[in-house]
Amino acid sequence: MQISLVKIRNKFKQRNRGSFRQWVGKLSNGLMIPIAVLPLAGIFLGIGDAISSNSSGIVGVKFFGEFIKQGGNVVFANLPILFAVAIAITFSQDAGVAGFSAFVFWATMNAFMSSLIIPVDANNTASGYNILYWKAVPQSAIASTLGLNSLSTSVFGGIIVGALTAYLYNKFYAIRLPDVIGFFSGTRFVPIICMTIAIPVALLLLMVWPGVSILLNLIGTGLGILGGRGYGANSLIFGYIERALIPFGVHHAFYAPLWYTSAGGSLQEIANQQVWIRAPGSDYVTRVIGWEDFNTPGKWVIPAALANGTSGMMNGATTTGQDSTSALSKYMSKESTNFLSWKELVDGLTRKGNFDELAKNGLLDGSNKIWIGLNQSGILGKKVLLSDGKDYTITFKTFANTTPTFWSHGAHALLPISGTPSAITNGVTVNGTANSKTYNVSQFTVAVPSLNPAQYSQGKFPFMLIGIPAAGLAMILAAPKGRRKEASSIIGSAAFTSFLTGITEPFEFTFLFLAPWLFYGIHAVLAAVSFWLMNLLSANVGQTFSGSFIDFILYGALPDGRGWLANSYLVPIIGIFLALIYFPTFYFLTIRFNLATPGRGGKLITKKEYLAAKAAQKTDQTTNTNFNQTQIEAGMLLRAYGGSENIAELGACITKLRVTVKNPELVNETIIKDLGAAGVMRTTPTFFVAVFGTRAAVYKSAMQDIIQGKVNWTELQKVLDKNDSTVEKPEIKPTPVLKVQDEIVILSPVNGTLKPLTQVPDDTFKNRLVGDGIAILPSDGHFKAPGDVGVKTELAFPTGHAFIFDVDGVKVMLHIGIDTVKINADKKPGEQLEVFDVKTKQGEYTKLKSESVVEVDLKKLKRKYDPITPFIVMQESLDNFKLVPIRQRGEIKVGQPLFKLIYKDKKS
């Protein structure tokens, strides 16, 4: 009994592992929708800020820069709702109503939360908020959402809302309410239920999320401490995991918290903290006591609180036009009771409330968002006056806590460990007077230990720009000379894609499934080293999407050109170092293990060779009548997918064969394509989609019969093995000529209005890729067979939306509605279908006067789908018959003639 239970449990795990991976892959596809707009938003931010910050006082130029910048600002400020809408649409079969409902859900949820978030002190003399039983919740836990003070759930909240909305949509989109409130039935009910569910979700988040926010801050702090004390180990670990998750498509879900939330660091915690700086090369700490006068370079603006002795922070008042000596004199006499906060310094440097604006737009939390926030804040490159009389320029290094003590002391911004730090007795002499103030460095710690702007993204640049192209060159040169051109066309374009756009999958997938040890043991390790060295050597190169050359110029070279110390020069240095490892390693291992990378390995099967093999199969068919051609081809497909034991799930739609396998390394895509697939795609590493046109469902059924034991697999394999052998083929006997009906009339299967195929919103039908015919806009849901007598249901799709009929040897396809395959896509065999009530079975014969082949709930179908119905004579029949339309427009009744098919060999 115990053994049986273990087997059942293991079988359950294996069955659900594939579906979980598909779900995660779908989640990542959803995350990519908002992430895809970030590059352009980042360009708007970068270019807009560059124009605005260098406007030289020209109002029109500054306004234009701000105009461009705000286009990017709005995207980053609203990332959570973008994630919510994207996830909702992804998991609801691209339903626009689901996206709308997600927005309603998000807005109402945040409105409910805002009413229960109470400031600790309404007069703002104390910071923080009280939320239910949480007291003095820090500002970093709160964000401005749609103009409301709400919990800063960031992209996590967006994903939660999107997932719940998708669930509610899929559950209620077809709901029928009593007639008295029938207006709210169907999809109109979805936003209503979302608004209702937003209440308990808001309360649950208020009960839990403040603790989550605190935990995220602790994670960020822990990673920062690991980075500061562990020589960049946080980036090393991150780099490997991020690359290792690429095959599973879940890397977006992994890096999103570190890029976009306080887990990647937060500047909000130092808003009201004193500004202490340890300048490069100094062995002491100083206070910031002012900033350079905008109107008079070389002169300083001193906060009135520091100059006049008012207790507390400066509260906006300033004394302008001070030289450093007089500024220090004022400060020395009053310094002990006053300090300048980071919020005040940022606002003073930018002459506006820029700190609050950055917080409102969510640009003070997360490694990448902080980089963007600093980039557009207006404080980088600005000078401040220190309490030792020297000036200091604010750069990325002010906040970058990255490097070990043997070449730098990490971030320049510090905070006292506890209490008031003691001043060094002998102050530095300025202008002959000991009127400066310095402090003991041992009493300070890094202000934001968890922060190094862009530390979780910049590591991509060296290996994407230089490392991968070097590996690609090695793989090209490892191919035989006669096939290097072939290898270059595939590998070269993939490597160039990595360089220009930072999209690496085309290159990585050329060897990932062929040699996973090369991916995980070499490539992912070198990617981790790239992240580690960029962090360790104190780089701060930003990005919005990936490590592309475009991002390198915009967020590395340009900031360095402005003196902001992004240290982008490290990218080519580290990249060349990695290339010296990538090239010989990939070259040697490709040859040593004879990896069948593009241009290497076994001889590629040509189309000519495939046709010859197919002819041999037809020859064998004459000597073994136990198997038809479809079964033989299905057997070959089954082998191409690694055998029946490698099939985890098998399905098909109107044109695509969908196969989930257990081990993707066993799949031979070349054979699948040579068997007629127009293309083979992967949406997850184990999920293959092969485009076979209308043969997809036929192959699916035949393969399923083999897997279920309905076909003798042992005998079929003998036939397949014989086709692969070199024995002499028997003589091909002439194919007997069958009697063919000269003219065949196809009848309308339903009442409705005729439309040309050009009006069908599906390129497959509009462009007549599978055949020719007409479209019918049905007026009722009673569909009948398209002939008077002996109409065979050649194929009935399990989703109930499409059928292929055999009318006297002519294949005719009926496809009810557009994209309607989605309605019952998740139904298991035997489950009752929605919308479609199928009355016929595959292989059955029916007549026009018998009961309908399918009854359709047309009202329910129209709620979400276009009911226009393509009625197509398949291309395989058009090869032998000429189609002559009888009716092409206007109303049509069921049973009325639509086409006449004339046999092409008919003698006139």
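Glycine residues also receive a Cβ, built from the backbone N, Cα and C atoms like all the rest.
Annotated by Swiss-Prot as transmembrane segment, the relevant range among 130-150, 256-276, 298-318, 487-507 is 487-507. Here the transmembrane segment (100-120) has long-range neighbours at 80-81, 84-85, 87-89, 126-132, 135-136, 142, 145-146, 148-151, 157-158, 161-162, 164-165, 168-169, 190-191, 194-195, 197-199, 201-203, 205-206, meaning same-chain residues at least 6 beyond its ends whose C-beta is under 8 angstroms from one of its own. Per DSSP, the secondary structure of the domain 'PTS EIIB type-1' (631-713) breaks down as 36 helix, 22 strand, 25 coil. Listed by sequence, the residues of this chain that lie at least six past the ends of the transmembrane segment (571-591) yet keep a Cβ under 8 A from its Cβ atoms are 461-463, 465-471, 473-475, 477-478, 515, 518, 522, 526, 529-530, 533-534, 537, 539, 541, 552, 556, 597, 600. The DSSP breakdown of the domain 'PTS EIIA type-1' (762-875), given as helix, strand and coil counts, is 13 helix, 42 strand, 59 coil.
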